[in-house]
Each structure stands twice: as C-alpha cells, then as structure tokens.
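*Asks:* My structure is below; once you've seen it, I'll send some questions.
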C-alpha cells in the first residue's frame with residue numbers, strides 16, 4: 001500500500017512539473033514566418049556544436065579582475081554561455097566582482113566572499129500593504145549569502161581594502177538588470193513625466209539623474 005501511495009505521489013509531482021513551460025533564457029522570443037526560418041534563433045539555448053569538434057577549451061574560461069576604476073568603484077565579470085560555450089543547456093553560470101543594485105530575471109544567485117568585507121542585501125516584492133522588506137547582512141571572507149530569483153539585490157565593499165566575491169547562478173544566461181541604468185539610462189529614455197510621478201520629485205531631479213547616464217536633456 002505504501003508503494004502505491006508513493007507511486008501516485010510521484011506521478012502527481014511529474015504531471016505538475018510538466019504543466020509548466022520551460023523557463024526562457026532570453027528576454028523575449030518573437031515568432032517569425034515559416035518562410036523566414038533562416039532568420040530564426042533557437043529558443044532556450046543555442047544550437048549545439050558537433051560533439052566530434054568539441055575541445056577542452058569549450059569548457060574553460062580565465063576570468064581576470066574587472067576594472068573598478070569607475071564612478072561606482074566596482075565591476076562584475078560574467079561567465080555565462082556567451083563567454084563559455086560549454087555552459088549551453090547546463091543551467092549554471094557565475095560572475096566575479098560586485099555591481100550596484102540589480103536583479104537577475106532568470107536566476108537565483110548565491111554569493112561567496114573570497115576577500116574583504118561586504119554589505120549585501122535584497123528587497124522583497126510588494127506585499128499586501130504595498131511595502132517591501134529589506135534583508136541585509138555584513139559578510140566576511142568565507143561567508144555565503146543567497147539572493148532569491150528576480151529580487152533586487154546589491155553588494156557593497158564596506159571594508160578598508162579590496163573585496164572579491166564569486167557569484168553562482170542557476171541559469172546559463174541569467175540576465176542582469178541594473179536598476180539605475182534601466183530606469184534612467186534606457187534607450188529610448190523613459191518619459192520624465194512618468195519618472196517624476198513615480199519618484200515624487202521635480203523634473204530637474206530626473207533630468208540630473210538622466211545626465212549621469214550620458215543623456216542630452218537640453
């Protein structure tokens with residue numbers, strides 16, 4: 001009888017799992033006419049290389065430190081399927097370094113501190129009261145922290161020296177949306193009227209912020 005219950009539970013779980021489409025590995029997939037297949041791309045991955053032509057280098061990538069000599073004082077270097085072809089279909093990638101508040105629309109991230117002291121955190125999605133909860137933690141060498149899929153999160157070096165962290169993500173192409181860049185540096189730009197209402201500030205503030213992302217607002 002126990003075996004019967006186990007089998008029924010397994011079949012129910014299998015049918016539940018198969019009721020969902022695979023998670024997309026790109027932002028969108030525009031359908032093309034049948035006579036334009038030559039212009040189509042393979043969804044949820046890339047076309048596969050002939051196995052007979054695969055070499056060890058397809059599964060290797062050396063990652064140098066990113067250039068942190070910028071306004072933000074930080075830089076992240078990704079290793080996704082676009083940098084390492086062998087990751088195709090394996091559902092994993094990583095990044096070295098730090099970047100400002102951002103989100104990965106297709107992946108959960110787990111961060112390990114290799115060197116330095118970091119302040120990290122993430123913000124939950126809107127709750128019933130239309131508020132968002134912030135979870136933060138100070139991390140030191142050897143500490144690990146996880147950022148749930150799709151939530152806005154950040155890492156900041158609060159130590160006296162350099163900091164280094166390695167992030168693992170459960171997607172070969174997790175995507176990244178840097179919040180400030182997306183809001184104030186999109187192409188074409190979001191209407192300043194919309195941003196002024198959303199942030200409850202004067203147009204001059206919006207124009208100032210947009211100028212930080214090289215927009216000409218004259």
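Placement of Cβ uses the backbone N, Cα and C atoms for every residue, glycine included.
Caution: TrEMBL annotation is automatic and unverified by curators.
Source: prediction; values computed, not measured.
According to TrEMBL, the protein carries these features:
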SIGNAL    1-19  signal peptide
DISULFID  29-48  disulfide bond
DOMAIN    61-207  domain 'Cupin type-1'
BINDING   102, 104, 109, 153  Mn(2+) binding site
BINDING   104, 109  oxalate binding site
*Asks:* With the cut-off set at 10 Å between Cβ atoms, which of these recorded positions ends up with the most neighbours? Options: 48, 102, 104, 153.
*Replies:* 104
*Asks:* Considering every residue in the domain 'Cupin type-1' (61-207), what is the mean pLDDT value?
*Replies:* 92
*Asks:* What is the set of residues, excluding 102, 104, 109, 153, whose C-beta falls within 8 angstroms of the centroid of the C-beta atoms at the Mn(2+) site?
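*Replies:* Not counting the recorded site residues, we get 103, 107, 122, 147, 151, 152, 167, 169, 174, 176.
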*Asks:* Long-range same-chain neighbours of residue 109 (Mn(2+) binding site), Cβ under 8 Å, sequence gap at least 6?
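*Replies:* Residues satisfying the criterion: 146, 147, 153, 167, 168, 169, 174.
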